[in-house]
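K.L.:
Here it is, the structure, as structure tokens.
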Amino acid sequence: MTRADPYLAPPPTRGSWAAVVGIALGAFALVVTEFLPVGLLPDMTREFGVSEGTAGLAITATALLGAIAAPLTTIVIGRLDRRTVLLSLTGLLVVAGAISAFAQHFAVLIAGRVLLGVAVGGFWAVSLAAAARLVPHDRVHTASSLVLGGISVGAVVSVPAASFISAHYDWRIAYGAATALAVVVFLIQLVLLPRIPMHRAVVAGHFRQLLAMPKVRAILLTVVLIVGGHYAGYTFVTPYLEQLTGLQTNSLSILLLVYGVVTVVGTFIGGVLAARHRHRAVLITTGVFLLSMTIVAAFAHDAVVTTPAVLAWALAIGMAPVCTQLWLYANTTRFVEAAQAMNTGVFQLSIALGSLLGAVTVDLISLHSSMWLGAAALALAALVVLVVGRVAPDNEDERQHDTEASSPAAAREPARSA
């Protein structure tokens, strides 16, 4: 992402980095709201009288709409000023949070989560590219890290805070606090974000060109298996650790807080590893993921063994997004916003599939089965990464793509498709 791109021609202005922080705060608020149900699942099942699997649909609905909204948003908004887009999506986050906080029926809660999905998908699709346009090309990596840092910190705060508030107060208070946070972030963005005009719109043809690359398809399949496997288990981690491992509420809240902190550490470790060797970083991440989830599943009733395995799991999920994203970007150098939208759509779809399949196994088999399902998906992910490493070593597709991009015909293609 450090090379020039037709979508990224930033004229950095005074206050550009403050604007990047404003975008990162939006990412933080979105993640906090998106994953609240993971920490609120037990109370939500009791209040609405639904099963744990059904309550897990609160995660699935958001992720599914996010997957649909990501590519569609980039096409629909065309060249619309990204300031307007980001403010609109943060405003939608406020509305979605308020609906969920005051929902008296489970269907109304799901409606709020659907709106949240639109905000999530749209925001992820444009946020990194928008942040990149605010800074010089040689600082794009730093801007991206700040936005991704908002995601990591949101993951640290969301689940343990929701679990704590739910245990001591009411689950609606957690949603109310998240909505208030979104209002504050909206006001901050209103002040900090400058105009972010786009010189060229994303069109459907860009997605077709990206999907025509075999290695890109393999990387996206890896994302599906890693993220889907993670959320098959993580969606139900609170009742799993309560009912099977036997952790008390306070111990669980502390563990989830430490889990979040380790996730942030994993993000930085993943960035360092991926900077040196992208494929190897993804392979290491997948291996840690597979081992940790297998241990959590195999030793469900042993807190002494399960607790460190859960923290290793946190390290892996911290590493996974940055490693897979850098792996993808290294092989999709021409269409930054299209690649980001595609990655967002696949990521959110994977959350939806993982949490949905986890919910089905919980309802039809047992709570324990969700963790084994996740471990199985990670085993397949490891296999895909190993095969890709042998068949298409790092940079092979990138070199081919750059060669094509340097030809006169390729240079004219974006203008024709736009």
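Each Cβ is built from the backbone N, Cα and C atoms, and glycine gets one as well.
TrEMBL does not curate its annotations; it predicts them automatically.
From TrEMBL, here are the annotated features:
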- 19-393: domain 'Major facilitator superfamily (MFS) profile' (DOMAIN)
- 396-418: region 'Disordered' (REGION)
- 16-36: transmembrane segment (TRANSMEM)
- 56-78: transmembrane segment (TRANSMEM)
- 85-108: transmembrane segment (TRANSMEM)
- 114-134: transmembrane segment (TRANSMEM)
- 146-167: transmembrane segment (TRANSMEM)
- 173-193: transmembrane segment (TRANSMEM)
- 214-234: transmembrane segment (TRANSMEM)
- 254-275: transmembrane segment (TRANSMEM)
- 282-304: transmembrane segment (TRANSMEM)
- 310-330: transmembrane segment (TRANSMEM)
- 342-365: transmembrane segment (TRANSMEM)
- 371-392: transmembrane segment (TRANSMEM)
K.L.:
Taking 3+ C-beta pairs under 8 angstroms (sequence gap of 6 or more) as contact, is the transmembrane segment (56-78) in contact with the transmembrane segment (254-275)?
P.N.:
no
K.L.:
Do the transmembrane segment (254-275) and the transmembrane segment (173-193) come together with 3 or more C-beta pairs under 8 Å, pairs six or more apart in sequence?
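P.N.:
No; fewer than 3 Cβ pairs under 8 Å.
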K.L.:
Please indicate, using numbers and ranges, the residues of the same chain that are 6 or more beyond the transmembrane segment (114-134) and have a C-beta under 8 Å from a C-beta there.
P.N.:
1, 7-10, 12-13, 16-17, 19-20, 23-24, 26-27, 30, 33-34, 61-74, 77, 82, 85-86, 89-90, 92-93, 95-97, 99-100, 140, 143-144, 146-148, 194, 196, 336-337, 340-341, 344-345, 347-348
K.L.:
So, taking each listed stretch (16-36, 146-167, 173-193, 214-234, 371-392) in turn and counting its Cβ pairs to the transmembrane segment (310-330) that are under 8 angstroms, which one gives the highest count?
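P.N.:
Most contacts with the transmembrane segment (310-330): 214-234.
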K.L.:
Report, as numbers and ranges, which residues of the same chain sit near the transmembrane segment (85-108): CB under 8 Å and 6 or more residues beyond its ends.
P.N.:
23, 26, 29-30, 33, 48, 50, 54-55, 73, 77, 115-116, 118-119, 122-123, 126-127, 130, 172, 175-176, 178-179, 182-183, 185-186, 189-190, 193, 196
K.L.:
For the transmembrane segment (342-365) and the transmembrane segment (214-234), does the number of C-beta pairs under 8 Å, pairs 6 or more apart in sequence, reach 3 or more?
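P.N.:
Touching, yes - the transmembrane segment (342-365) and the transmembrane segment (214-234) meet the threshold of 3 or more Cβ pairs under 8 Å.
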K.L.:
Below 8 Å between Cβ atoms, which of the listed ranges 16-36, 146-167, 173-193, 214-234, 371-392 makes the most pairs with the transmembrane segment (282-304)?
P.N.:
371-392
